[in-house]
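Asker: The following block contains the structure, expressed as structure tokens.
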Amino acid sequence: MDHFLKLLPKLTPQLRKGDCGKIAVIGGSLEYTGAPYYAASSVSRLGADLIHVFCAPDAAPVIKGYSPDLIVHPGMNASSILPKLNRMDAIVVGPGLGRNPTLWPLLQEIFNFVKNEKVPFVIDGDGLWFVSEHIEHFPRQMVTTVLTPNIVEFSRLCKSALGEEDVLNVKSSSQLQHLAAELSRKMDVTIYMKGEVDLVVTPNGEVSKCSTDSSLRRCGGQGDVTAGSLGLFLYWAKKNLGDDWTSAHHEAGISSSWLVRTAGRRAFEKHGRSMNTPLLLDEIPKLVRDVETREMKDTVHSDSSKH
């Protein structure tokens, strides 16, 4: 919780619209409209000011209908997306993206944009599938980038980048951590590996872990909430830490892990096996408020102790 609390920007009368975050989510297809919504909605509930969703034309009306808070852009072509990315504070690519091969050139342009402009960047879901399929073309020195694989996505990345064929059968947590460190070094990016214990591994070998109790329900969409919240936290961490991307990735990664695991646990405690991702999202505003209220109480207690 302390990592999360450190990242929350102070709300003051001097803030302007956009100061707390302008975030882009790139994903959404005919089949998958929930994933980009979950990623974007998590960002909205955490307090980002402007959330843009870039999606396939077939997905746009559906995503628009989910929430009036989101700015939805239909069309998945570089000429329309890249100029708008110049205004974004962080980019999340992959939730509900789909695997249409025609998307790969767009992703290559986005990767190059991120590398050159050093924008906080998260690759999740189908974005990771494309990276696995085109590992030899993934750029080096993507210093702002975090990959967020689950175990299946992690196994694909390890097979493509490291030649490891049997990762799904690895049971040892220390061996998985070793593979995550090898993958991070080989790809020169941070790996946020989701699992029973979440790992954040940076290319220099540093490892952070989060084992906060989480939901026992493994419903779809929790990874999208992780990706969205991580994107916003990366921006907030950058504001606090400047270009110290290693520290920013650890602070943001552990904050995202704690948030999603805690919100999921609260939702599961209330709803049991009926818990789903919308119910998890509903817990985020309450969780943020609880953290801020605790901070205010601690501050008042500290001030009182001085007199």
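Here, residue 1 is simply the first one shown, and the rest follow in order.
Backbone N, Cα and C atoms are what each Cβ position is placed from, and that goes for glycine too.
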Asker: Looking at Swiss-Prot, which one out of ASP19, ASP224, ASP243 binds (6S)-NADPHX in the same site as GLY96, ASN150, ILE151, VAL152, GLU153, PHE154, SER155, ARG156?
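Answerer: Matched candidate out of ASP19, ASP224, ASP243, per Swiss-Prot for (6S)-NADPHX with GLY96, ASN150, ILE151, VAL152, GLU153, PHE154, SER155, ARG156: ASP224.
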Asker: List the residues of the same chain that sit at least 6 positions away from GLY96 ((6S)-NADPHX binding site) in sequence and have their Cβ under 8 Å from its Cβ, in sequence order, or write 'none'.
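Answerer: Same-chain residues close to GLY96 ((6S)-NADPHX binding site) (Cβ under 8 Å, separated by 6 or more) are GLY27, GLY28, SER29, GLU31, TYR32, THR33, GLY34, ALA35, PRO36, CYS55, ALA59, GLY125, ASP126, ASP224.
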Asker: So of all those binding-site residues, ILE151, GLU153, SER155, which one's Cα sits nearest to ARG217 (ATP binding site)?
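Answerer: Of all the candidates listed, ILE151 is nearest in space.
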Asker: Among the binding-site residues LYS194, ARG217, which residue has the fewest other Cβ atoms within 10 Å of its own Cβ?
Answerer: ARG217
Asker: Sequence gap of 6 or more, C-beta under 8 Å: which same-chain residues meet both conditions with respect to GLY223 (ATP binding site)?
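Answerer: GLY223 (ATP binding site) has long-range Cβ partners ASP124, GLY125, THR148, ASN150, LYS194.
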Asker: Provide, as an integer number of angstrom, the distance between the C-alpha atoms of SER155 ((6S)-NADPHX binding site) and ASP198 (ATP binding site).
Answerer: 15
Asker: Neighbour count, 10 Å Cβ-Cβ cut-off, for ASP224 ((6S)-NADPHX binding site): what number do you get?
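Answerer: For ASP224 ((6S)-NADPHX binding site), the 10 Å Cβ neighbour count is 30.
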Asker: Quick one, of the binding-site residues GLU153, GLU196, ASP198, which Cβ has the fewest other Cβ within 10 Å?
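Answerer: It is GLU196 that, of the binding-site residues GLU153, GLU196, ASP198, has the fewest other Cβ atoms within 10 Å.
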